[in-house]
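Undergrad: After the structure tokens below, expect a handful of questions from me.
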Amino acid sequence: MSRRRQPSRAHKISRAATEISKERRMSKRIAGPEIERLIQLLARLPGLGPRSARKAALALLKRREELLVPLSGALAAAVESIVTCPVCGSLDTVAPCTICRDERRDRSVIVVVEEMGDLWALERAAVINATYHVLGGHLSPLDGIGPDRLNIATLIERAGSEDVKEVILALNVTVEGQSTAHYLTEQLAPTGIAVSRLAQGVPIGGELDYLDEGTLAAAIKARKRI
Ligand SMILES: [Zn+2]
């Protein structure tokens, strides 16, 4: 005598939960198109998924006067005034940018970075008082990003000027970052300028046991006599 297997209690509950969530997905909109659009756009920002975008949108709606209105004004002002610096390629509201205009900076040194975020990180650390050059990415032949797609021509031009004595390649320690650094080193060679790159190795506060083999190998290779 065979008895048909009855679904377990847990199975029944999980099926019921699936039905409810299906129903919810098919339910009517909960906000007007403007708010839906706001959430969709916020969700495109790096670090924000749909859930965080909804939270951010809700915060903006609840704090209309102190957050939403000033943010909307700041966005409109940014759209109007942001320009790419013709000298270094960074973004600012003045051209040349604030850094390129700053007379107190050492103009004999150019720090080359991939993105604006890298420039900001170096400025936050306040470790060097030089000028910058923002490439706008790294070489990536597989994605069709060749030298002509990056801000390289103006770098070679700048490096050829008499004022510049050193170019520091502060590129990411990734395959693409390092192959970009290699390419730039070759391109800069005819100018006779000093080209250096950031040191690689043990980070401040780093415990050897936690480091990956690549970092340890780089640290041993770049060891210093004390
Ligand atoms: Zn600039």
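Numbering starts at 1 and runs along the chain as it is shown here.
Keep in mind that glycine also has a Cβ here, set from the backbone N, Cα and C atoms.
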Undergrad: Zinc finger per TrEMBL: which of the ranges 53-68, 85-100, 117-132 is that?
TA: 85-100
Undergrad: Could you tell me what the rest of the chain brings near the zinc finger (85-100), counting residues at least six beyond its ends with Cβ under 8 Å?
TA: 78, 116, 119, 131-136, 151, 154, 158
Undergrad: Tell me the residue counts in helix, strand and coil for the zinc finger (85-100), as DSSP assigns them.
TA: 3 helix, 2 strand, 11 coil
